[in-house]
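Database features, via TrEMBL:
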- 23-156: domain 'Ion transport' (DOMAIN)
- 274-407: domain 'Ion transport' (DOMAIN)
- 58-77: transmembrane segment (TRANSMEM)
- 126-151: transmembrane segment (TRANSMEM)
- 276-295: transmembrane segment (TRANSMEM)
- 307-324: transmembrane segment (TRANSMEM)
- 336-354: transmembrane segment (TRANSMEM)
- 389-408: transmembrane segment (TRANSMEM)
Amino acid sequence: IFAPLTFIDMIIYIGLVESDKQGVRWSRALRPLFAVNFPEMRQIRRSFRNLRRTLPDVFNVLFLFFFSLAIFALMAFKLFGDKKYKWVDGRPYFATYWDSLFDLYVLVTTANNPDIMMPAFDQSPYYVIFFVVFLVVCYFIYMNIILAVIYNNYRKHLKNEVKKAVYSKRQQLGKAFDLLAICIDKKRVVTRSRFVQLMKYLNPQKNPLIYNVLWIVLDSDESDVIDKGEFLKLSDLLNVEVTEVKDRATLFEKRFPRIYRSETSKFLIKIVKHKLFTLTFDLLTLANAIVIGVANSKDEWDDYAEWFFLAMFMSEIILKLYALGGRRFFRRMWNVFDFVVIGAALIIGLIEAVQDEDKQSRVTLDVLLVLRVLRLVKIIGNIGRFKVIVLTMTKIIPSLLTYGGVILV
């Protein structure tokens, strides 16, 4: 629909310009909507559909809200309009119906609360009853009802959208099964050879042993063939990450296997994975917090303490990289956080140490101070209850980014 509108707008604009009249390309504002049709914007399209389906269910509540707002605005206009009250800046107080409607609408956002009631309150404290009733009805009741209706309806439509996606996926898998299946004993099944051929076509770089693992999981009845019900589980099974033992080996273990598998190395790895190791560095982080709070910028010992804590935290990262390997280390969000914060602090600290004190940038010092304070955040990652909250927030962020894209469009 946007392409024809853009074409019409171009024709109108060219006609106006050729007639020596000023033209405005109003369709340019619609161009971001073209991004919704990109293949990569599938989640944004789904969000648009859910919002479009949710809006009709909200209109009833919105109508009642604006109707109540209009009634209260009429009451405010009749109560205060003829009394010649003034705002603090000298403007007439509820002088017209439309001013009353706008001021009460702003009050729903609490932007002008309690300023809006002060001129009336100065004349009689009983006028507060009107504003309290208005806030209870239009703010506390209607706003929460609107939020509840939006949430419930959006959740219902999202659930239906997910159901449709799952049904569509099962349909596609059913069609794939019909293409691959052969008839054995009057029953349509997929043989191991055809399954392996399919897996090699989908991902030829994988180890054939992984195909056998997938087959064993799917072939639950050990009949050496899989029926349609078992084949439909394939998409869920492919989403499960399967790794080989050799892929889990760390870089140090691959390069120096004898040293890494020695008794001393095993003992060191055991220490790194122990809870006391984490607790020790949590206590060091708390000690660092105390030093940051007590120290003054003029204290010389603060620089020595900073380098001590920086060295300790760097040694923690190095030991974790040695014990876990780079892949397992960087899979954990808090390890990435530590690596970025401590690494940036080390680089900036070295730059600061090389420079003369007179030439030190104020911005560099401020960034270093912020990085020092950010180290305290790592304690949250080691406290179970806080960790659940933070992990929940990280799970929500992708959805927020999707709706951020909707708002941007």
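Here the Cβ of each residue, glycine as well, is placed from N, Cα and C on the backbone.
Keep in mind that TrEMBL annotations are predicted by a computer and have not been checked by a curator.
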**Report entry** the domain 'Ion transport' (23-156): DSSP-derived helix, strand, coil residue counts
**Finding:** 107 helix, 2 strand, 25 coil
**Report entry** Residue numbers, six or more beyond the limits of the transmembrane segment (307-324), whose CB comes under 8 Å of its CB atoms
**Finding:** 250, 252, 268-269, 272-273, 281, 284, 287-288, 291, 335, 338-339, 342, 345-346, 349, 375
Query raised in the report: What average pLDDT does the predicted model assign to the domain 'Ion transport' (274-407)?
Result: 74
